[in-house]
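**Student:** Sending over a structure as structure tokens; questions will come in a sec.
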Amino acid sequence: MSDYCLVPTMDESHPRPTETTGLSRKVEPEEKVHIPESSSTGFSFRKLWAFTGPGFLMSIAYLDPGNIESDLQSGTTARYKLLWVLMSATILGLVMQRLSARLGVVTGLHLADMCYRQYRKAPRLFVWLMMEVAIIGSDMQEVIGTSIAIYLLSNKMIPLWIGVLITVIDTLSFLMLDKYGLRKLELVFGLFIVIMALSFGYEFAIVQPDIKDMAKGLVTPWCSNCQESALLQAVGIIGAIIMPHNLYLHSGLVKSREVDRTKKDKLREANYYFFIESSVALFVSFVINVCVVSVFAHGLYNKTNSDVLEVCTKNNNTYSDIFQNNTELVEVDIYKGGVFLGCQFGIGAMYIWAIGILAAGQSSTMTGCYAGQFVMEGFLNLQWSRWKRVGFTRLVAIAPTFYVAFFSDINDLTGMNDLLNAVMSLQLPFATLPVIAFTSNPRIMGEFTNGLGNILITIILSAIIISINIYFVIHHTITNFTYNLTLLIGVITYSTIYLLMCAYLTLHLVISMLDDCSVLRRNPFVIRFIGPQIGNTFSQHQQTNYSPPSSQDDVTNMKL
């Protein structure tokens, strides 16, 4: 066998080539958290605490206003019957987040960095644009959630459009918080999660949902006697929970810990503690989401507008005009949900709900900023100051949201969340396929490559989720848009490009797992259009006896 066909192994005495590349250093966090040494080889709470942070920041995306709205709609539509879908989506999210974190730990590069090295220019730019769309869509949801929370807390005194403008202050608040150090910033995120847990936990306590029905909904993997609306809501839960840009975020956040990537035992340790932290963080987010689902499953399932209006009128609630006097089932959102709680349990319950929504919007804004910075710097190989990045994302997000808030009513504003969930669902392949491809590539991950079982599970589950999301988007588009010729041409053009890019990423994934001697990998078409650089972490003369590059130019020019 020729040297070209040998797969490199990881030598503990030398750094991985990805560790010292110019790009890797450029996006390295300004501050790193020291990991304490321990004489014991067993579990250490001190080390777990040192690694704690990135997973909880990542989990914020599972609690953004879009997810909260999906939760309450799930409870209203199917009561407790879709809790198993929420649990399954959270578990799948944990599986994908684990791959994302492992990529950042083992290579020292985050997901967008790796895309820059692995993909040809055209597909790379398309994937970058799709991630920007996802980030801006998520930011729009945060703007909507924050403005509605301000509207509720101000007792309607601050109009929605002013609330949208107030969210610009998020930029300044984020920049100020960032100056106080990484651990303090992580503490602020933890505080936001505590506020959400207390707010939504309080609502759960006063409503007192049926625990037996909740348990049944968690362990019964089907939805008996459910209408089409419940099935579509199940798809919406999956689309809201698994956020594409969150995989890019997590792979970058784990770089904030001091991990000696020249030692395999340190890499194993980091992967171990990051997985534990992510599991705990997503369990907390899951419990909070279950609380929200259960509150509205108990309070609004099978209720009509007249039923809720009667309760509001009886308690002289000033927000009761949001409900029509008819026998149609309530179509709930984060605004109507808060009003209902105020009508049923007193105005204090509404204010506590609004505080939880405000915390969800504010915390998601900050993590979205980090994700945007990682994505832009990685895909485009450039640095942009954080305040410019935040300002750009927020201005793009505010423009359409402000238009709707100023010229329409609150129903149109809250209704944007469903559209935004559909838009973000479309971007899922451009996060899951790259992270599976890179972590399954032995030339990139060495002995930390995904096993066959892990590869099959992630690919099958991702294919199912992507197919479900595409169906959801198609259904949402057909039922909510009136087509003309121009729009139809645009949809067909975008769909064609979208499917071609998905095919490219899928082919790249398959080829990246093959050895260098495979016929497909050495096919002229693959070499020309997919790229011979796939997984070429080590250059040809460095395959088996790797030694550090002799100059910085050698490192920078090294192809992955």
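Each residue, glycine too, has its Cβ placed from N, Cα and C.
Annotation comment: TrEMBL describes 1-31, 540-560 as region 'Disordered'. Residues annotated as transmembrane segment in TrEMBL: 83-105, 158-177, 189-209, 229-249, 270-297, 339-360, 390-407, 419-439, 451-474, 486-511.
So that I understand the layout, could you describe where these features sit and how close they are to other parts?
**Tutor:** Nonlocal intrachain contacts for the transmembrane segment (189-209), taken as residues 6+ away from its ends with a CB within less than 8 angstroms of a stretch CB, comprise 56-57, 59-60, 63, 80, 284-285, 287-288, 291-292, 294-295, 297-299, 341, 345, 349, 352-353, 355-356, 359-360, 362-363, 366-367.
Below 8 angstroms of C-beta separation, residues 57-58, 61-62, 64, 66-67, 69-71, 73-74, 77-78, 81-82, 85-86, 89-90, 92-93, 96-97, 99-100, 110-112, 130-131, 134-135, 138, 223, 367-368, 370-372, 374-375, 378, 418, 421-422, 424-425, 427-428, 430-432, 435, 465, 468-469, 471-472, 475 of the same chain, each at least six residues beyond the ends of the transmembrane segment (229-249), sit close to that stretch.
If one looks beyond the transmembrane segment (270-297) by at least 6 residues along the same chain, the residues whose Cβ comes under 8 Å of a Cβ in the stretch are 35, 47-48, 50-56, 58-59, 62-63, 67-68, 71-76, 78-80, 82-83, 86-87, 90, 93-94, 97-98, 101-102, 105-106, 193, 196-197, 200-201, 203-204, 207, 209, 213-214, 218, 250, 254, 257, 259, 332, 337, 340-341, 448.
Long-range contacts of the transmembrane segment (419-439) within the same chain, counting only residues at least 6 positions beyond its ends with a Cβ under 8 Å from a Cβ of the stretch, are 66, 70, 96, 99-100, 102-103, 111, 114-115, 118-119, 127, 130-131, 133-134, 137-138, 140-141, 236, 238-240, 242-248, 251, 445, 448-450, 455, 458-459, 462, 465-466, 469-470, 472-473, 476-477, 480, 498, 501-502, 505-506, 508-509, 512-513.
Residues 92, 95-96, 99, 232, 235-236, 238-239, 242, 422-423, 425-426, 428-429, 432-433, 436, 440, 509, 513 of the same chain sit 6 or more residues outside the transmembrane segment (451-474) yet have a Cβ under 8 Å from a Cβ within it.
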**Student:** Quickly jot the same-chain residues contacting the transmembrane segment (83-105) by Cβ under 8 Å, restricted to those at least six beyond its ends, or write none.
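**Tutor:** Non-local partners: 54-55, 58, 62, 71, 74, 111, 114, 214, 217-221, 234, 237-238, 241-242, 246-248, 250-255, 259, 261, 267, 270-271, 274-275, 278-279, 282, 285-286, 289-290, 293, 431-432, 435-436, 438-439, 444-445, 448, 450, 457-458, 461-462, 465.
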